[in-house]
């Protein structure tokens, strides 16, 4: 998984993820799934803010790379990925400037157009379950929540998706590509349910110990753990072509 992450994500994102894990005392050599999850979350946050600006009239506009009129105010302030001390300094500055209510937990973004903090979620589970977990954690109606899944589903506070459909489609396509690349390397199932994989492996090992003294009998059945670890092959026809400006996983 670590090799996949380093090949799949921009070095800047990988470096930020490494710093984040180090800050919390986590070992990326051991917590490889968390390493991948942090990189994915960081990239979604960056993609969420990319190309979105506010013009002189206070309107939200999309400006592509290379546009000569790019000297505009960024619509989103990226908080995720910063050192915690710096991140809280940014949050306090935003609150003092805009009058926004200070969140109890560090959010991921601030939307200058809608004047609200945003919590971004990327889940391998059901979007509504993860949404409720985020809502219970933030405990603030003023923090906007937007959840994306690897299956193309999304859920947002009051069904307000903030971004235009095309911008959200880019994020969904990127997540689907990550899922497909993981599956092609046999990494997806363990990424989705690492606890279940560990539970099944422990169960199988315990069964092997109990049966070690019994006569050996060849079985054609597949171990439950191996079934879980089998790659989930995806239909490549469903993968849309990503824009050249966005990161892609290298082909095998």
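First residue shown is number 1, and so on along the chain.
Each Cβ is built from the backbone N, Cα and C atoms, and glycine gets one as well.
What Swiss-Prot says about this protein:
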type	residues	note
SITE	28	site 'Important for efficient shutoff activity'
SITE	65	site 'Important for efficient shutoff activity'
ACT_SITE	80	active site
ACT_SITE	108	active site
SITE	195	site 'Important for efficient shutoff activity and nuclear localization'
SITE	198	site 'Important for efficient shutoff activity and nuclear localization'
SITE	199	site 'Important for efficient shutoff activity and nuclear localization'
SITE	202	site 'Important for efficient shutoff activity'
SITE	203	site 'Important for efficient shutoff activity'
SITE	206	site 'Important for efficient shutoff activity'
Least Cβ-crowded entry, counting other Cβ within 10 Å, from the active-site residues listed as 80, 108: 80
Protein Cβ atoms within 10 Å of residue 28 (site 'Important for efficient shutoff activity'), excluding its own: 20
Residue 28 (site 'Important for efficient shutoff activity') in three-state DSSP notation: coil
